[in-house]
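Working notes, beginning with the structure itself.
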């Protein structure tokens, strides 16, 4: 069993006020703790960067929003996979890289829980990887909610968005665990 850490879209663009309120302000620090542990054991690490093609997006290359936050900046030969859609497996060679490295298990963390983290986790599981989601190393934002599809729908909070996304993943696509649990026993 070889386990890789996959860090999804932990970028400066998510510091923009356009996203609104968020849950879990410790997400990036928790991701950094996981990264430090993986590096200390020379385990596989993959960074994923979202490069938006939408004009004016805070995740566009012209805004500086594609830069990784300092705590999780890639080092050495850690690969970076660039995408412009929600899944880190679409339009990248992430799967081929993981297979070539003999990776069978993934620990996934990043931004945002209901979008790129969820989509990548689902695809990883469907591709046959065993996926652990570091739920407290992920976060959701106010902008992740859109209740204008029904007069009866109400806007959920960022915590409710996050909890709902994790609840839909856990048990079918991932095993959701805390950073401290993963650090104590990464298997």
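Even glycines carry a Cβ here, placed using N, Cα and C.
Feature annotations, courtesy of TrEMBL:
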- 3-145: domain 'Isochorismatase-like' (DOMAIN)
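Averaged over the domain 'Isochorismatase-like' (3-145), the predicted model reaches a pLDDT of 96. Broken down by DSSP into helix, strand and coil, the domain 'Isochorismatase-like' (3-145) contains 51 helix, 37 strand, 55 coil.
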